[in-house]
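Asks: Sharing a structure with you now.
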């Protein structure tokens, strides 16, 4: 008899990953999520906070909530309100859970220090404002391994790299994009960038050499926006549209950019697919704006290379999506991803789990993962050094570090210019303040700052207590 041809099911520990929304009381309710038309994810999360871009009359704002502060959000909850036009993108610093950057239609990027306690009033003063774009800034992304390096991309087709620690521009990548930039992504060690653009090209850029090292025209034939991210081994994963307006995903090898490793059609929905990638499990999650589902795929070295795993489906469409870094997950529950799905008026965490019977730490699900320590300083990276992320074990869970202050040391513009002619002794620039005296003044300012923060915390605690006593009776 002829041998029965039977399809062998591919072995993978992620075949049965399933998604589940949290219980109703674990959601964040009564949030006026921004209605700005922008393909950004509108939400950024880390092991301490969830930040969401919100509607705000005249100006731009986002709200920051401690993760544990679930339930209804007080309508007077303080916002972060420094921008003069809508906020378009936000991103938490990977090396400091109390620092977040925001990009706005007002052409600026601002970097904020968020206290561990809930402040009493709106936060209006950024630690630093970065000005260099001439049009709205719709994309920001922190460098994965170098301290204080931040990328911004604007509608002026310009990509700028900043040193947040000094407030200065490190590099400006102009003349590379001929049209609107759709998205920008770093590779794992931050040595390369991948960008997608309205001119239908995907570019791989070495930012320090200011060179395009590879590019692909029309990875997807359709006219709608393309997205691209780096995945393992320097491959590139793209989402886009076919000529027939079907949504597609593609996997590409930089060394042979002509032919895709994989190209798959998905459906005919018209929302742009936002890809979220977890390097530890090699799973890419696709969340379409306006979709009500999250599809996820495993990327491997075996054909067909991009393996469909499953779809998390729900009834409500998503307005945006936050993606928790690995160190913020609950390893005791075999959680391998957590999304923060934005609705019109709420944020709903969705937990992705691998079903396991054992309560022991599952080390095959949790290889060591990037921790909060940067591997390089900004100037080391700029001078050409590369370093892989510094990894940590999640065996005992991750405990967030206490608030570390971001110090910005502005360089004196006069320091970098040679003195004109011979220096004369009676220059008015010679400071009369001795170093020790200056230190003393700074110390005093520091102490005052701490006092003010302590008072703010105390006022906040007292207000909360008072709220409990009055219990809603005015």
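Just so it is clear, glycine is given a Cβ too, placed from its N, Cα and C backbone atoms.
Taken from TrEMBL, the feature domain 'DUF1899' covers 7-71. Residues or ranges marked as repeat 'WD' in TrEMBL: 80-114, 130-172, 174-215. Taken from TrEMBL, the feature region 'Disordered' applies to 412-435. The coiled coil annotation in TrEMBL covers 438-472.
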Asks: Under 8 Å between C-beta atoms and at least six residues away from its ends: which parts of the chain pack against the repeat 'WD' (80-114)?
Replies: 34, 36, 38, 40-49, 51, 53, 56, 59-64, 122-131, 133-142, 144, 147, 150, 152, 154, 162, 164, 325, 370, 372-374, 400-401, 403-406
Asks: In the repeat 'WD' (80-114), how many residues does DSSP assign to helix, to strand and to coil?
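Replies: Helix, strand and coil residues of the repeat 'WD' (80-114) number 0 helix, 22 strand, 13 coil.
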Asks: Grab the same-chain neighbours of the coiled coil (438-472) for me: Cβ-Cβ under 8 Å, and only residues 6 or more beyond its ends, written as numbers and ranges.
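Replies: Cβ under 8 Å, 6 or more out: 115, 117-120.
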Asks: Limited to the repeat 'WD' (174-215), I'd like the whole-number average of pLDDT.
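Replies: Averaging the confidence scores along the repeat 'WD' (174-215) gives 97.
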Asks: State the residues, same chain only, that lie 6 or more residues beyond the ends of the repeat 'WD' (130-172) and have a CB under 8 A from a CB inside it; answer 'none' if no residue qualifies.
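Replies: Residues packing against the repeat 'WD' (130-172) from afar: 38, 40, 85, 88-95, 101-111, 178-181, 183-186, 188-190, 193, 195, 197, 205, 207-208, 210, 370, 374-382, 386-390, 406-411.
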Asks: Please work out the helix, strand and coil residue numbers for the repeat 'WD' (174-215) from the DSSP assignment.
Replies: 0 helix, 22 strand, 20 coil
Asks: In the domain 'DUF1899' (7-71), how many residues does DSSP call helix, how many strand, and how many coil?
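Replies: Helix, strand and coil residues of the domain 'DUF1899' (7-71) number 3 helix, 24 strand, 38 coil.
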